[in-house]
Amino acid sequence: MRYNFKTSEAKWQQTWDERRVFESDVDPSKPKYYVLEMLPYPSGRIHMGHVRNYTLGDVAARYRKALGYNLMHPMGWDSFGLPAENAAMERKVHPGEWTNKNITEMKTQLKPLGFSYDWNREVATHTPEYYRHEQKMMIDFWKSGLLYRKESHVNWDPIENSVLANEQVIDGRGWRSGALVERKLIHQWFLKITDFADELVESLDSLTGWPEKVRTMQKNWIGKSQGAYVDFKLSNGETVTVFTTRPDTLFGMSFLAIAAGHPIAQKQSEANADLKAFIQECERGGTSEAAIETAEKLGCPVGLTASHPLIPGKIIPVYVANFVLMEYGTGALFGCPAHDQRDFEFATKYELPIVQVVSDNGSWDRAAAYTGDGTMINSEFLEGMTSADAKKTMIEKLDSSNTGKSATTYRLRDWGVSRQRYWGCPVPFVHCNDCGVVPEKVENLPIKLPEDVTFDRPGNPLDHHPTWKHTNCPSCNKPAIRDTDTMDTFFESSWYFLRYCSPKSEQAFDEKDVQYWMPVDQYIGGVEHAILHLLYSRFFTRALRKCGYPIQFEEPFKNLLTQGMITHVTYQDKEGAWLSPAEVLPLENGTYIKASDKSSVTVGRLEKMSKSKKNTIDPGEIIDTYGADTARLFMMSDNPPEKDLEWTDSGADGAWRYLNKLYTQAMYAVDCIPAINTPEPDTFSAAAVTLRQVVHKTIMEYTHDLETFSYNRGVARLRTLSNTLFAFDPKTTDEKWAFREGYETLIQLLAPITPHICEEIWQSFGHTTLVYETPWPKHRPELTVETQVTIAIQVNGKLRGTIDMPADSDEDSVKQAALNHVAHLTDGKTVQRVIVVKNKIVNIVVS
Ligand code: ANZ
Ligand code: ZN
């Protein structure tokens with residue numbers, strides 16, 4: 001009997017739907033479990049990366065359900081964003097229409113995979129029912145001082161006269177116009193994530209269910225630095241404050257440097273043409289950290305000097321330097337060339353003194369800065385101290401002399417949340433000539449995007465819509481102008497997991513729902529979101545709570561799994577054009593030819609599946625050929641989830657053949673197993689006991705595999721159990737009983753991964769309930785202990801044999817058995833000592 005996955009998979013999906021088994025409701029009498037996969041952007045096509053991500057989530061969800069948890073497993077769409085606008089321009093369809101069509105298509109593609117989603121909770125972030133809540137949040141953030149406006153740089157395309165997203169700038173040029181992109185200052189909206197910088201770092205330690213790697217990435221991104229502010233008096237009477245992490249090196253300073261954007265630099269440049277030119281030059285360079293690290297360190301004197309705060313009479317030159325960032329610390333630093341590499345390069349170029357103040361015991365070669373710790377030298381009251389003590393002492397000294405104080409700085413910047421685009425959530429603010437920036441009245445929300453927009457000319461469609469932006473001031477009611485910015489799409493994904501708890505609520509979310517369901521117990525997604533999305537979500541949790549939203553937890557995601565990519569080899573023809581796997585044919589000798597003209601093909605290395613290299617496999621085709629269960633099983637079999645997975649035809653084929661064999665063998669078993677619910681026999685034959693030991697050990701070990709996401713190891717274990725069952729030939733009634741127990745267990749354990757075939761076999765075994773709703777099997781401890789152990793026997797330190805004994809035998813009988821076993825070696829000698837290590841080894845010392 002062959003397994004017909006086509007009819008079976010459709011049948012079970014329909015049954016799950018009809019019985020509404022994936023729908024979830026708050027039930028305080030049961031422990032809850034919230035499984036969440038990062039919500040997709042509705043591009044229109046499901047790819048293999050989605051399949052892997054969602055299968056991982058589905059296995060976790062189905063397993064938790066079987067364990068007895070009240071499960072929530074929602075799905076939705078992150079449906080604002082640039083691709084919809086591009087489609088609108090290229091294909092002349094409205095972004096909303098394009099998005100809705102894609103959502104429908106992707107749902108159709110997801111359905112055949114059999115995921116346990118509660119579609120009643122579906123959200124699409126581009127709908128006014130969703131985004132009106134975030135307009136309210138934005139107003140609440142404003143009222144709590146967490147949202148502000150500030151001038152900041154954008155990418156400006158001078159031909160299109162419009163702002164470009166970073167993705168639209170390619171090699172410094174506008175992606176469509178090809179014009180050199182300029183930096184332009186405009187007013188933008190910012191969220192004060194920096195208010196929570198400290199909490200966001202400190203709380204990382206509590207996230208023990210997150211990969212270490214992701215925690216480290218977040219930590220580095222926030223970049224907490226501890227040190228001091230030091231004040232310097234300038235020759236014009238003004239004061240400059242610098243930030244330093246090395247106050248211990250203050251006696252080694254030889255210059256002071258400020259950023260090109262520093263107010264003092266700006267002021268001094270008014271009457272100094274050289275300085276003005278230098279500042280302009282600095283503003284042209286890249287501002288990325290990498291660009292700054294590698295660029296030559298350059299400076300220009302500002303025409304002022306500074307006094308050293310602790311060395312009376314010592315005068316220090318002041319420069320504008322290209323490696324000082326305006327956005328970090330105070331935009332100013334003191335240079336200590338001996339102990340900072342950038343300062344070292346700078347001092348070497350401008351011939352400034354290089355004074356060593358930290359000793360590394362004389363081995364310093366002066367070819368580069370010495371940045372390590374050591375003993376303080378040339379440093380007055382710090383002399384002889386360790387660097388750590390010197391830091392503390394120096395901060396105390398600065399404090400008591402009123403020239404500085406201890407300080408903490410973060411690399412994290414506030415989050416710029418406004419975009420000058422159409423397809424996003426409108427910023428709900430109005431600009432009034434009399435009242436300034438005024439939030440929209442909450443009862444007027446949502447401020448909907450206008451439908452009748454055109455993309456036939458560059459710029460922001462909201463801005464050149466004939467009527468949309470004209471409104472009245474919510475405060476004085478005079479004519480006023482709506483803000484035409486929309487929000488960064490990361491705004492939507494920063495709180496969708498809360499909306500899933502109360503998807504139909506009039507509020508953003510309801511206290512009782514969020515209190516029950518949150519935090520997300522298991523979050524699963526790509527490591528590309530390790531920083532921004534996860535950090536923004538963690539920030540939102542805190543910011544919303546500060547605004548009085550009902551949030552009782554600290555962290556939104558308790559456990560996090562970041563899955564690896566799906567890779568496939570690449571193929572190229574003789575001309576170097578990429579070929580898809582469907583365009584090539586394998587030869588016997590392992591090489592490939594082009595299917596169309598039989599010409600030779602170069603096989604390239606494994607790479608992430610991508611359209612540009614054509615090394616993609618369409619999930620739809622795989623499901624058509626092999627069925628969903630095969631795709632799901634192969635996804636889980638080959639590598640641990642956090643590693644990359646190579647998609648191979650032979651791997652998929654192997655999974656398919658296994659499932660077919662399982663079905664045939666199970667149908668054979670149906671004929672010989674006892675009726676369902678036959679009571680357990682009192683005694684079992686030796687063969688039955690051995691089988692049951694394999695079964696119960698598998699339950700124990702496989703359960704642990706699922707707990708730790710060692711899915712590939714788990715699958716290997718189930719294959720072993722399967723082979724044991726396929727080879728088992730039950731004769732007696734107790735053996736037949738054990739045979740049913742074995743198969744049923746296998747089906748239950750496999751069901752989270754390949755749910756359709758498991759329901760099918762489960763039903764054939766006489767069940768009228770679903771495996772999905774069957775409690776997880778429990779192992780019997782007495783069947784998982786090793787009953788026999790092999791004990792090694794050493795005589796005078798040499799291995800002389802082994803004996804098999806019942807586990808945990810008493811020491812005397814082990815001793816006796818061991819002595820008997822090696823009697824031929826000890827005859828005529830005196831046994832000095834016998835040491836027994838329980839269940840492992842017996843050491844005999846003779847002389
Ligand atoms: C004096 C000094 C001596 C420093 C020394 C380092 C070594 P992290 O650790 O990354 O926080 N700095 C301060 N403000 C800066 C700015 N706006 N742009 C560029 N660099 C700036 O870096 C802190 C160190 O970076 C500070 O400590 C300062 O140089 C420099 F032997 O002060 B240090
Ligand atoms: Zn007004």
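We count from 1, first residue shown onward.
Placement of Cβ uses the backbone N, Cα and C atoms for every residue, glycine included.
Not measured: the values here are computed from a predicted model.
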Of the residue ranges 93-97, 108-112, 403-407, 608-612, the one that TrEMBL records as motif ''KMSKS' region':
608-612
Can you identify, from 40-50, 216-226, 238-248, 634-644, the stretch that TrEMBL calls motif ''HIGH' region'?
40-50
Contact check, the domain 'Leucyl-tRNA synthetase editing' (219-398) vs the domain 'Methionyl/Leucyl tRNA synthetase' (34-169), 3+ Cβ pairs under 8 Å, seq sep 6+:
no
Is it possible to list how many residues within the domain 'Methionyl/Valyl/Leucyl/Isoleucyl-tRNA synthetase anticodon-binding' (693-812) are helical, extended or coil according to DSSP?
69 helix, 17 strand, 34 coil
Compile a sequence-ordered list of residues in the same chain as LYS611 (ATP binding site), six or more apart from it, whose Cβ lies below 8 A from its Cβ; state 'none' when nothing qualifies.
none
